[in-house]
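Heads up: the structure comes next, in structure tokens.
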């Protein structure tokens, strides 16, 4: 099958259509319009089979996760998602796999009103690169570098579920019943926190999404902002599924070091805490204060019940060479 | 080496800086500004080692070609390039290779005033995906679908050089001296026809870049525009290097069917031929009329000295599954 047919058959037909897309899939470029008084946020993420996702994962979840990871980066910037481009490398055309992949892709793009505007399909090892774009009003972007000593550290949702889900799938963790399904689902179908990100515009002083574990990602904020942090591991938000499946200590380790939760980690000044509560009320997502920033540059201190805590793994998950 | 260090060391420091980039490499997203009254053109291309480029090609040329292929897509739309995002997948970090790659990348981005605004580096098979973005005034975009019967078919530069260069590198063609260097250089370092593309705004009725061979790419225009074409193969623009290296018939075959020339193939109505000559004069690139469109939908006829011509290969180079 020719690659052009492949693109045509699976990607051209469906998916959400936006009025700001002048030319979509099928020409040398897509042509789009950015609204007046909006900046453009751009992010690119690559997922390689057996590095970033399991090769035998359901195709629907592979697409879902690839899109979610990119929308999560937009959310971490406070941007509202608009368009994605997809480059898909596959060793061979398997029609069922492709059809499931497209259904996962379009499920998420439909939900977030995002249009697939183009891309490329090539024969090669299983991998995909998505470039996602969104809008953000000038001066409203949430960076990693705006945090200040004294700011409070918050995280959305619950942490550690996706990591436990991955361990279940790889046979490293034995969990049964509903908790098993919940944790595996959190690994396969992460939720990009788009509503939380846009709600945090002009409220959070810094923001990042938790893709490599909360310790690792918090360190990026600390480094970019020149701050330290005191984090209380007993305040980490844990799901009932996770706490029913593992010991409290194991749950804390998953929450600190496991990747792919795609929750938002952000900081809020004392003055903005009132606005945070008002703003987050409408988003229907729980946020939890897990600690406070200090002036000790790059110094991350962990506490459990106010005593110093040493994590088993000192840094988060990172794809290394 | 951690991937974050890799990004930091090789890509964050250098390269062209633009005033419309609010936040560049290093946060969850880049943040940019599209000028008022400009549309955004977006294109994505993936190059896989040993499919789209030779694995042992000089790293500088790999980067150069990957960027050029994307800028060529912008040029084919009439867009002025602005930013690129790069996702780079490598099996291992080789410092010399990376440093050469970055130098090739920055050479081209500097020349075209393009800023690298972000991307990703992952461990995996050697491959790269670039998303390039540029600007185009509303209504000025050059599509594949605007051609009409009677329009003249033009091509920029010369055709077939890159294909001959590839055959030389693969030992399928024996050429020595200056012609050898010229042809290999055209394969390794293609020139995106950015100036031609912007000069053709509101003049060309359709446009595409020649990445899969002129026959294959012309067919995309014919199919999208519902036209046929009569092409005179004796009018195909051939370089002195190519005609000195192979027979005339072989040169025509390279020109018709070989890929990766990255010239622009476009159509111009009789009324616009005067504007074409005025406009192209300032771009310092030769354009050649190679035929005319007909009303016979999808029917491509080739002639040599006004007699019907049968090419040896009926379609252009296409990466197939």
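Note: Cβ is positioned from N, Cα and C throughout, glycine not excepted.
Features of the protein shown, as given by TrEMBL:
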- A:28, A:73, A:209: Mg(2+) 3 binding site (BINDING)
- A:28, A:43, A:73: Mg(2+) 4 binding site (BINDING)
- A:44, A:45, A:120: Mg(2+) 1 binding site (BINDING)
- A:45, A:73: Mg(2+) 2 binding site (BINDING)
- A:52, A:260, A:317: substrate binding site (BINDING)
- A:119, A:120, A:144, A:211: ATP binding site (BINDING)
- A:212: Mg(2+) 5 binding site (BINDING)
- A:26-135: domain 'PurM-like N-terminal' (DOMAIN)
- A:148-296: domain 'PurM-like C-terminal' (DOMAIN)
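Residue A:73 (Mg(2+) 3 binding site) falls within a helical segment according to DSSP. On the 0 to 100 pLDDT scale, the domain 'PurM-like N-terminal' (A:26-135) averages 93 in this prediction.
The two recorded residues, residue A:144 (ATP binding site) and the residue listed as 'Mg(2+) 5 binding site', show a Cα separation of 15 Å. Rounded to a whole number, the distance between the Cα atoms of residue A:43 (Mg(2+) 4 binding site) and residue A:73 (Mg(2+) 3 binding site) is 7 Å.
Of the listed binding-site residues A:43, A:44, A:211, the Cβ environment within 10 Å is emptiest of other Cβ atoms at A:211.
Proximity to chain B (Cβ-Cβ distance under 8 Å) holds for the following binding-site residues out of A:44, A:120, A:211: A:44, A:120. When Cβ atoms from all protein chains are considered, those within 10 Å of residue A:120 (Mg(2+) 1 binding site) total 21, not counting its own. Of the recorded residues, residue A:209 (Mg(2+) 3 binding site) and residue A:260 (substrate binding site) place their C-alpha atoms 9 Å from one another.
Taking A:28, A:52, A:119 as the binding-site residues under consideration, the smallest Cα distance to residue A:212 (Mg(2+) 5 binding site) is found for A:52.
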